[in-house]
Amino acid sequence: MKLAADPALPGLTAETLPFSATAIFAGWLVGSVSLKQALEMLSKAQFLAISSVLLCLSTLATVTLPHLTGGRNIFVFSAVRFVTGLLFATGPVGNLYHVQDCLPPCRRNQAMAFINTAYSIMAVLMATSCGMFQFLDWRLDALLWCGLPPFLAFFIAFKKPTELLQSIPDTIQSRTNCNSSRPGETDKMSPSVLQAALKLAVCFLACGVGSYGLSYSAGKLSESLYTNSVLLNSADILGYIAVLGADSVGRKTFQAGSYLLAGVSLLLCAILQPGSWTIIACAMAGRICLNVAFTTIYVALAEIFPETSQKSVLPMCQIAARLGGVLAPLSGTLPAALSCPAFGAACVVAAMATLSLPEKLEDT
């Protein structure tokens with residue numbers, strides 16, 4: 001909203017920004033395609049370090065290039081958003097992948113719940129800050145909430161961050177030479193693994209279109225965009241805390257039930273009064289359940305598939321999620337009574353896909 005109200009950027013309006021936001025998910029989709037190659041060429045630490053640096057640079061480009069180009073060209077801003085989406089396919093996803101790989105199975109749900117809860121708390125603080133301090137320049141908000149976190153992560157998460165970056169060229173050269181010496185080797189998935197991967201991709205698709213779609217539909221749920229953003233992100237926290245129940249019930253049962261409840265909640269939005277608290281309550285319930293599923297699908301990736309297949313399955317699932325995410329910004333232009341039932345139908349399909357997936361690795 002602040003961005004659209006900036007008089008120095010006449011080309012960026014409330015009508016054009018939802019479509020430019022699609023560029024983020026398009027970039028995320030393209031980045032997901034190259035995710036497998038990136039994971040093979042770099043260590044996990046190098047992967048996360050370079051992603052943090054590039055995310056900082058993309059934030060700087062976001063706050064400078066629109067003004068340097070006169071603010072009239074929506075394509076320049078969309079190009080920056082596209083690059084940001086490319087980086088979203090590496091940094092956050094690489095972080096989740098790294099956590100799943102480092103922890104024993106009994107700790108994965110707890111770790112994912114903690115990471116996602118911390119992210120949601122930051123989102124609540126961001127929405128609250130932007131809503132309360134309307135007089136602040138949007139560029140300050142962007143630098144604070146989008147530029148500062150990866151900057152701090154780069155220096156806090158790694159013992160010798162600069163040396164880590166300097167080691168990247170040698171690592172790429174070494175692994176390139178190693179791969180060229182084995183030209184005939186390819187990673188092939190068995191039919192059973194491929195079938196399970198496609199089913200899990202359906203689950204990622206539902207989370208992509210549902211979670212992000214509800215975020216962009218927040219302005220259609222009631223009049224206050226910032227209030228709705230706070231409510232939805234607060235629901236995220238409840239959803240991520242609820243994930244801890246998967247350890248006692250079982251991931252598969254918990255995930256399928258979450259998708260089904262999310263589908264029912266969102267389908268109810270078709271018959272409720274737009275802008276009413278009942279439709280907000282249903283959307284929040286759907287959001288809680290979707291975030292439970294969003295956490296457990298990453299745990300499923302580690303539990304169901306062999307480690308040798310995960311580098312191929314993860315990009316496939318990310319591509320599916322981004323295909324759903326590409327449609328998410330467009331949902332912000334539709335009434336919630338139209339967009340939410342579509343999200344609900346996707347969740348019902350994902351519930352059926354979950355029930356047909358194996359529970360553990362040995363079942364594949």
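Note: Cβ is positioned from N, Cα and C throughout, glycine not excepted.
Nobody curates TrEMBL annotations by hand; they come from automatic prediction.
What TrEMBL lists as transmembrane segment is 16-35, 47-68, 74-99, 111-136, 196-214, 226-244, 256-273, 279-301, 336-357.
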Can you tell me which parts of the same chain pack against the transmembrane segment (279-301), counting only residues 6+ beyond its ends and a CB-CB cutoff under 8 A? 96, 100, 108-109, 112-113, 116, 120, 200, 203-204, 206-207, 210-211, 214, 217, 221-222, 228, 231-232, 235-236, 238-240, 242-243, 246, 251-252, 254-255, 258-259, 261-263, 265-266, 268-269, 272-273, 310, 313-314, 317, 336-337, 340, 343-344, 347, 350, 354, 357
Under 8 Å between C-beta atoms and at least six residues away from its ends: which parts of the chain pack against the transmembrane segment (336-357)? 196, 199-200, 202-203, 205-207, 209-210, 213-214, 217, 220-221, 252, 255-257, 259-260, 262-267, 269-272, 274, 279, 282-283, 286, 289-290, 293, 300, 304, 324
Winner by Cβ pairs under 8 Å against the transmembrane segment (226-244), considering only 16-35, 47-68, 111-136, 256-273: 111-136
